[in-house]
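Enquirer: Right, I'll just put the structure down here and ask away after.
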Amino acid sequence: MYQKLALISAFLATARAQSACTLQAETHPPLTWQKCSSGGTCTQQTGSVVIDANWRWTHATNSSTNCYDGNTWSSTLCPDNETCAKNCCLDGAAYASTYGVTTSADSLSIGFVTQSAQKNVGARLYLMASDTTYQEFTLLGNEFSFDVDVSQLPCGLNGALYFVSMDADGGVSKYPTNTAGAKYGTGYCDSQCPRDLKFINGQANVEGWEPSSNNANTGIGGHGSCCSEMDIWEANSISEALTPHPCTTVGQEICDGDSCGGTYSGDRYGGTCDPDGCDWNPYRLGNTSFYGPGSSFTLDTTKKLTVVTQFETSGAINRYYVQNGVTFQQPNAELGDYSGNSLDDDYCAAEEAEFGGSSFSDKGGLTQFKKATSGGMVLVMSLWDDYYANMLWLDSTYPTNETSSTPGAVRGSCSTSSGVPAQLESNSPNAKVVYSNIKFGPIGSTGNSSGGNPPGGNPPGTTTTRRPATSTGSSPGPTQTHYGQCGGIGYSGPTVCASGSTCQVLNPYYSQCL
């Protein structure tokens, strides 16, 4: 992910503490999700969401005077990191009226521009296990499924659902001066080592703060916050990408200045994290008709779809989709010597060889990334626009001086003049993304949890399961690879699974070698 959101406000408080204020009550919007077992039985979990601390009103502990206004700090309340943490506190959130965030049962809607006393742009939220703890997921050996509606997201917007290795308590146990914690959305980190965070590790980030030249609400401080990141879904109605980002140190850690690397630093590759990742964007890989708005695309983004991501114990990452009762595997990619549809070591090596760069492998690749997915990761759901690169890295030609003949440069059909945040906020303020029907469990468990129908769709009278062509073997017939499709209504590919796996029915339209 080239940048994780242009942020709005901050957090903290007394006695060098990161504490909470009481002028606005903090009530987390409820959100249910499902935990599934290997037999395909899923049980409802009662959760909630919390907005990130950077969006919150930060004011004096003894008054409503702003500690941070626009993109600058109060020189009186915040002359340095320690004094600022002592003088300022983080307040509660009016989720719907201020931030455009609403929930209903298992559905979360995030609006783009919300106008209340002030203008708010986008949001970043975390799934909660309790009122004071983020929900953690161990991805390795499991699969994660959700429904998403990106129909209202034009070029330049990013409805991102992803995981990061941030602390479940928001950093409270590591940094005792942080008493606000997960209840108020503290402790964020990602592979860009963001420096636009107002406070990190219970300390202010005011020293060295430089207000943004093109964003009236943000700036960059002297510190950043790093950790591993798994981008399950970065998407709008035009393009989508799946991207793991390893770090040499898995969990959250603070960094200094340009040595942070990432989007916010002069030396992009100077930090401990991989800012580029090993991405799987079907359009970038040459399949320009797989994903987009309208019936001419395999996946029609004018309609809701289900996204299922599987994390093999080998470290490989697999993906399939369901829409209108039809299951679609990730389309095959032909990249150098690589041919297949699994994001594995061979694919990532081929991508670096063909598209350039070595950041992913330099930071340990999938072997290092497994250290993150084998531990707890926090679920993040967001909507944002990009003041650094106009989201062209997701949905257009990037860098903009490249052409269609440059391998990997074309990532989507959007114009290189699209995605300008000021224009988006003016022309598409009502844009939104909706995430729903979250399920998590062992590989093969989430697709059969709705009474035998594919997740996210109703079984039509007659359907076919579309999949990319696979190579065929000699008699007695082709063999499907582990985790490949091996059956389903309308399916005509290999039905015999490779040694060590068997063909298991997940729903009438999709069977998989497990």
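Keep in mind that glycine also has a Cβ here, set from the backbone N, Cα and C atoms.
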Enquirer: Going by the disulfide annotation in Swiss-Prot, which one of Cys193, Cys260 is bonded to Cys226?
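Expert: Swiss-Prot lists the disulfide between Cys226 and Cys193.
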Enquirer: Going by Swiss-Prot, tell me which one of Cys67, Cys78 is disulfide-bonded to Cys88.
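Expert: When Swiss-Prot is consulted, Cys88 turns out to be bridged to Cys67.
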Enquirer: Write down the residue from Asn81, Asn448 that Swiss-Prot flags as N-linked glycosylation site.
Expert: Asn81
Enquirer: Report the nearest neighbour of Cys255 (disulfide bond) in space among the recorded positions Cys84, Cys89, Glu234, Cys247, Cys414, comparing Cα positions.
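Expert: Sorting the recorded positions by distance from Cys255 (disulfide bond), the top entry is Cys247.
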Enquirer: To the nearest Å, how far is the Cα of Cys78 (disulfide bond) from the Cα of Cys155 (disulfide bond)?
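Expert: That separation, Cα to Cα, works out to 38 Å.
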Enquirer: Please report the Cα separation of Glu229 (active site, nucleophile) and Cys503 (disulfide bond) in Å, rounded to an integer.
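Expert: The Cα atom of Glu229 (active site, nucleophile) is 32 Å away from the Cα atom of Cys503 (disulfide bond).
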Enquirer: So which of the glycosylation sites is most packed in, judged by how many other Cβ atoms lie within 10 Å of its Cβ, out of Asn62, Asn81, Asn287?
Expert: Asn81
Enquirer: Could you give the residue numbers and ranges of same-chain residues that sit at least 6 residues beyond the region 'Disordered' (401-427) on either side and whose C-beta is under 8 angstroms from one of its C-beta atoms?
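Expert: Same-chain residues near the region 'Disordered' (401-427) but 6 or more away: 6, 112-113, 119, 121, 154-157, 214-215, 238-239, 241, 281, 283-284, 288, 292, 351, 354-356, 385-387, 389-395.
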Enquirer: Out of Asn62, Asn287, Cys497, Cys503, point to the one nearest Glu234 (active site, proton donor) in space (Cα versus Cα); all of them are recorded positions in the record.
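Expert: Of the recorded positions Asn62, Asn287, Cys497, Cys503, Asn287 has its Cα closest to that of Glu234 (active site, proton donor).
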Enquirer: Select the closest residue to Asn62 (N-linked glycosylation site) from the following disulfide-bonded residues, measuring between CA atoms: Cys21, Cys42, Cys84, Cys278, Cys348.
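Expert: It is Cys21, whose Cα lies nearest.
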Enquirer: When the Cα of Cys88 (disulfide bond) is compared with the Cα of each of the recorded positions Cys36, Asn81, Cys193, Cys348, Cys486, which one is closest?
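Expert: Smallest Cα separation from Cys88 (disulfide bond) among Cys36, Asn81, Cys193, Cys348, Cys486: Asn81.
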